Structures are given as structure tokens and as C-alpha cells.
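Per TrEMBL, heme c 1 binding site is recorded for 44, 47, 48. Positions annotated as heme c 2 binding site by TrEMBL: 138, 141, 142. According to TrEMBL, the feature domain 'Cytochrome c' maps to 31-111, 125-203. What TrEMBL records for 1-18 is signal peptide. Under the heading transmembrane segment, TrEMBL lists 224-243.
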Ligand code: HEC
Ligand code: HEC
């Protein structure tokens with residue numbers, strides 16, 4: 001009797017817990033994530049692998065990169081990558097916004113990771129504070145005017161003009177390629193709003209009050225050099241002209 005009771009108990013316990021274990025192997029995906037998986041299995045598996053675990057020499061693992069990274073990469077047309085090159089370039093996106101969100105949901109549910117918050121990302125952004133933060137954290141690579149700049153080994157920091165609010169936020173949160181990650185401890189979400197406000201409202205509309213030539217916006221050094229050269233040449237020709245007259 002005891003043996004039978006023990007067996008039934010053990011069997012019962014097994015049937016109660018076993019489905020839980022199986023469920024962990026194949027997590028239940030939400031409907032958006034299932035749509036995303038279908039897209040992923042067509043466009044991304046060749047480089048990122050069956051369960052986004054990555055394929056040596058083709059594409060990195062996407063476990064833990066989060067929907068923020070996917071939205072950035074797919075939304076800016078960098079992914080799906082056409083061919084292997086030093087750096088994935090911005091292209092017209094292949095997927096529409098809904099599909100991008102679905103791909104993001106799939107990768108998010110597979111491995112978690114950073115997500116772009118749903119609220120208005122630029123709300124309450126202070127342009128002056130943003131400018132300060134931009135010059136400290138971003139200008140070294142993206143330039144004072146946001147025009148971008150070259151990095152080593154054929155890589156470059158791109159021009160910030162085409163980026164949307166969500167893409168700027170996602171870039172800071174996920175640090176694509178050679179860009180460092182600016183987590184919420186380093187740059188708080190409200191500071192991120194300041195930076196986005198600065199990039200979108202000041203950098204993109206920056207006019208050149210001095211005239212047509214901004215001389216690369218490198219600042220007073222180039223401007224001083226330019227006026228020195230132009231001024232000297234003008235003076236030389238004026239002297240020659242005066243000398244020729246007299
Ligand atoms: C031809 C191969 C290829 C294809 C196809 C491709 N990727 Fe990638 N992917 C790469 C490589 C290589 C990198 C890393 C290099 C880089 O970031 O420039 C990468 C990087 C990424 C990253 C950034 C990972 C990180 O660490 O933050 C994401 C997200 C991503 N891919 C998503 C996708 C999605 C979604 C698709 C399908 C729509 C896709 N990729 C299709 C090759 C590919
Ligand atoms: C060490 C250099 C470096 C620094 C510092 C840096 N970035 Fe970047 N950034 C990059 C590189 C490299 C890329 C291109 C990544 C890619 O193509 O996968 C990039 C891409 C971006 C993009 C995407 C542009 C596009 O094509 O839409 C945005 C937006 C951006 N950075 C914003 C910022 C902001 C805001 C800061 C400061 C908080 C910052 N970056 C600091 C190197 C840097």
C-alpha cells in the first residue's frame with residue numbers, strides 16, 4: 001500500500017511540475033512576438049541563427065540586446081544587413097513600423113534587454129542643458145554640429161540629421177557598434193530628453209549667421225585662419241594696386 005501510495009505521489013508530483021519545465025524550454029510568445037518570429041525566420045535567421053543565438057562570423061547573438069536595439073537597427077534600415085562591411089549603414093528601412101515593433105517584441109521576449117519607454121521622449125527637454133550634455137558626451141565623435149566624423153578602421157560616427165527621437169534614445173540606450181552605451185545611470189532619462197531636444201531643435205536647424213560658409217563649424221580657429229589669409233591677400237593686392245597707380 002505504501003509503495004503504491006509513494007508511486008502515485010511521485011507520479012502526480014511529476015505531472016504537476018513537468019509541463020512547467022517544458023514551458024520554459026519553449027516560452028509562450030505574445031501574438032506580436034509570433035508575428036515577429038515569422039519575419040525573423042525569413043529575414044534574419046541566416047545571420048543571427050534559429051533562436052537569435054548568433055552565428056559565428058555572420059551575426060552576433062541578439063539575446064539580451066532588447067527591443068530598443070532591434071528598433072534602432074531595423075528602423076534605421078541598418079538591418080537586415082545586405083553584405084558584411086566595416087559598419088552597417090543607414091538605409092531606407094525594409095520593414096514598416098508595425099513589423100519593426102513585432103521584431104522587437106520577439107527579441108525582447110526571447111532574452112530581455114533595454115526597451116524604449118512609451119512616453120513622449122522629448123517632453124520637457126531643456127535645449128541649453130542638452131547642448132551642454134551633447135558637447136561633453138557626444139561631440140567628440142559626432143562633431144559640434146552633429147555632422148559626424150571618421151573613426152578608426154573604416155568606421156565612422158554618422159550624421160545625426162536623419163535620426164528620429166526614438167532612434168536617438170535607442171542609440172544612447174544600446175550603443176550600436178563603436179558608440180558607448182549611455183545607460184540611465186550615466187545619462188538619466190530626463191537628460192536624454194534634453195539631448196534629444198537639443199539635437200532635434202537646435203542642431204538640425206542651425207543656421208550660419210556669419211554667412212554662407214560655415215567652414216565646417218570647427219569654430220574660431222578656422223575662422224581666424226580664413227580671415228587672416230583672405231585679409232592678407234586683399235592687403236597685398238591693394239598695396240600692389242596702389243604701387244601700380246603711383
Ligand atoms: C547578412 C547578415 C545579417 C542579416 C541578414 C541581419 N543581420 Fe543583424 N547584424 C549582423 C551583423 C554582422 C551585426 C553586427 C555588426 C553591426 O552592428 O554593424 C548585426 C547586428 C544586429 C543588431 C545589434 C546587436 C547589438 O549588439 O546591439 C541587431 C538588433 C540586429 N542585428 C537585428 C537584426 C534583425 C532584426 C535582422 C532581420 C530583419 C537582422 N539583424 C538581419 C548581420 C546580419
Ligand atoms: C565613441 C564615439 C561615439 C560617441 C561618444 C557617441 N556616438 Fe553616437 N554613434 C557612434 C557610431 C560609431 C555610430 C554608428 C553606429 C552604427 O552605424 O551601427 C553612432 C550612431 C548614433 C546615432 C544613429 C544615427 C543614425 O544613423 O540615425 C545616434 C542618433 C547617435 N549615435 C547619438 C549619439 C548621442 C546622442 C551621443 C551622446 C550621448 C553619442 N551618439 C555619442 C559613435 C559615438
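Note that Cβ sites are derived from N, Cα and C of the backbone, with glycine treated the same way.
In the vicinity of ligand 1, defined as a Cβ distance under 6 Å, the following of the binding-site residues 44, 47, 138, 141, 142 are placed: 44, 47.
Other residues of the same chain near the heme c 2 site, with their Cβ within 8 Å of the Cβ centroid of 138, 141, 142, are 134, 137, 139, 140, 143, 146, 148, 149, 157, 160, 179. Recorded residues residue 138 (heme c 2 binding site) and residue 48 (heme c 1 binding site) have their alpha carbons 30 Å apart, per Cα-Cα distance. Between the binding-site residues 44, 47, 141, 44 has the most other Cβ atoms inside 10 Å of its own Cβ, all protein chains included. Taking the domain 'Cytochrome c' (31-111) as a whole, pLDDT averages 91 in the prediction. Taking a Cβ distance under 6 Å to any atom of ligand 2 as the criterion, the binding-site residues 47, 48, 141 reduce to 141. There are 23 other Cβ atoms within 10 Å of the Cβ belonging to residue 48 (heme c 1 binding site).
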